[in-house]
Amino acid sequence: MALKCASVFTFIALWGFALSITRYSVPEEMEAGSFVANLAADLSLDIRSLEERNAKLDVVHSKNYLDINKDTGELIIREKIDRESICVTKTTSCFLKMDVILSNPVRIFNIELEIMDINDNAPVFRRKAMHLDVSEATPPGERFSLTNAVDADVGANSVKTYYLSESKYFSIDIQTGSDGSKYVDLVLNVNLDREEHAVHNLILTAVDGGVPPRSGTASIIINVLDINDNAPLFSQSVFAVNVSENSAVGSVVMTLNATDLDEGTNAQLMYSYTLYTSEKTQELFSLDPHSGEIKVKGVIDYEDSQNFEMYIQAQDRGTNPLSGHCKVMVFVTDLNDNYPEVTIKSLKRSLAEDVSVRTLIAVVSVSDRDSGENGEVKLTLDRQETLPFLLSKSSEGYYELLVSKPLDRELISKYDITLIVTDRGLPPLSENETITLEILDVNDNAPMFSQSFYTIHVVENNPPGALLTSLSALDPDLNENQYLVYFIMEKEIVNTSMSMLFSINPENGDLYALKTFDYEREREFLFHIEARDSGVPPLSSNVTVHIVIQDQNDNTPSIVSPWRVHGSVVEEVIPRSTEKGHLVAKVVAIDADSEQNARVTYQLLQISDSTLFSLDQYNGEIRTTRMFSHRDPRQQRLVVVAKDNGEPALSATVTIKISTVEHSMTFLETTELPLEYEVFTNLNLYLVIGLGAVSFLLLITILVIIVLKCQKPKPKAIKIPPANRNSMISQRSSTIADSTLISSDAYWYSLFLAETRKGKVVMRQPIIPKGAGYFVSSIPRSIGPSETTDSRASTLEQEPRKGLQ
């Protein structure tokens, strides 16, 4: 009690110490190591006791910005303090709370450090650039709202005023909000003229009230919107241009370009002839109303007319359209009016893609009826740099078209070769001729599969003829060089050909299974499929196919122990003096499936007294949960279900009838032979006796099986248990139904140990049904797709295992 009171007084004392608060104030951004206060003096502490009492600084809800110098007792800055990062909200007061903790005895001092603001942040605009659209018709005095600046500092260090760069058109008006924030409006002072000044670039500056003051800027971009107040204007009132006779229709004579100082639709111009332009001129020349381009429309003949006059206007698309006018004088010159000619003398329309370089394609001749420079011609290939062809001059006026690079039909199957002939007249005239050359296919590409290895998963019990997958290869060649045939490359697995197990459609590569697969017998197959084209010679490629058989829950668990005739009840006799935890029986079931489908668990489906027996769901052991009382019936009935973990789950049941007898009757009913524990002190001797009895029973079982095989016809094939599992298979006479007794040395050894109690060893003599035979088979682990039914079945003929080693 005294101890509790002392603890209470100590706590009250410490609480009193913690209530006192010491306050300091420092400006933010002080350098690391700066002095804050002398804690030893302010808290009346001995400097030597700071180290002895392990003085430490605990900052509440913040980073440790400060430290204690235990040699001097000073509170110093450990790291620069940024007031804006500690106090996110814009408040005038910002405190950093911490505790100074001393040990032996414990004392706590509360310290509040006020972080005073300095002008370390400049004003910042939320938008660095503000865009305004103002019509040039806007009257003076119009106001436009601008984005205000913000400053992370507080008080006098926040935004104080704004300044605008010099402008005769605009000024600013500063407003103050209820919270003291400064807002600014832009005011138009004089009328705008877009043609004089289309864009106004201003700088808005925000200045805070710190010492020295800081500032931030934002640009204001004002676009002046246009009104239609300017008429179109040509660069000159009269234009003169020369045109050669026989100019090609569509030839450009000249392009008019009037200008309009306005913009938008007010500056979009439409060109047209006026009534002063003659109809003949309009028949020979066309005027593009949008671009102002004048082109030759008819045949111009110098002997017919030497000049033409055009009167043209340009009109804008404003609401009230304005227009400008000009005159175009066209003078016709008598120049080169004959076009050169190109003639194909010899031509190959097609070539195989494997022809050699310098192969002749065509012989071309060129001519021009003009004379002098106007009759001198030059032949060229259009887009010469992209074509695998060249022109070689063989003689005067003759050229050879040759192959200059290897051809590849898979890249380009057809070429349009344009020959251009040009004379040296002023202006030069030209003519062109296009040759179409087809590239013929050669079988130079082997079929290609999309991948080099295919893994195909097939669930067992598939129907024969089921489509497994479709394998397709691609061949970029043509016709018969592209027609592919698929077939399985022959491979035998234990005298079984792959073509007996699988089939492939030679035309489309559909792969089929020819038989129903059993996961318990076959696990996987590995073979190759070849795709071959029909070219001469044929080309081919192959792909590896890996068939993986997947397990299906198609085998029901089989209860192999305790043995019973199908449909009958298994009887067990135990003394009533059996203690708690006694092994009554062990249910063993096997499942021919694998993995989850073969995991068997046990459950009690029915039980006479649920308080008397328990069943281990994993090993199937049935044990007593208490001792028998005089009120318990002498007979108990249990129904145990063995269920696998497949989807859906399969199960089997066994009924066990347990009879209890007095200890004196046990020997007569179960033929148990009690032996004194002291006689056999070595447990290995028990094992030798038990395993010897089991070996004897197995030998008798084999002899019975041999006799039955000699007397009766060969029974139907027994379903083979899966690989990688030790299985016990029983063969019986036809008088016994489908029940199976499958045993193992480990099981008999577990029964042998279960009957040992209270210093005595009891050996149970099992009742063997007449005509039943037994043998044990060890099925080796699967060795892959090369294992066949015959090789697996041969393991059943191995001799039984000997006893446990």
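Placement of Cβ uses the backbone N, Cα and C atoms for every residue, glycine included.
Listed in TrEMBL for this protein:
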type: SIGNAL; residues: 1-20; note: signal peptide
type: DOMAIN; residues: 18-125; note: domain 'Cadherin'
type: DOMAIN; residues: 126-234; note: domain 'Cadherin'
type: DOMAIN; residues: 235-342; note: domain 'Cadherin'
type: DOMAIN; residues: 343-449; note: domain 'Cadherin'
type: DOMAIN; residues: 450-559; note: domain 'Cadherin'
type: DOMAIN; residues: 574-676; note: domain 'Cadherin'
type: TRANSMEM; residues: 685-708; note: transmembrane segment
type: REGION; residues: 783-805; note: region 'Disordered'
type: COMPBIAS; residues: 785-797; note: compositional bias 'Polar residues'
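The highest tally of CB pairs under 8 A with the domain 'Cadherin' (574-676), across 235-342, 343-449, 450-559, is held by 450-559. Broken down with DSSP, the domain 'Cadherin' (126-234) shows 3 helix, 54 strand, 52 coil. Look at the domain 'Cadherin' (450-559): DSSP puts its residues at 7 helix, 52 strand, 51 coil. According to DSSP, the domain 'Cadherin' (343-449) comprises 7 helix, 57 strand, 43 coil. Look at the domain 'Cadherin' (574-676): DSSP puts its residues at 12 helix, 47 strand, 44 coil.
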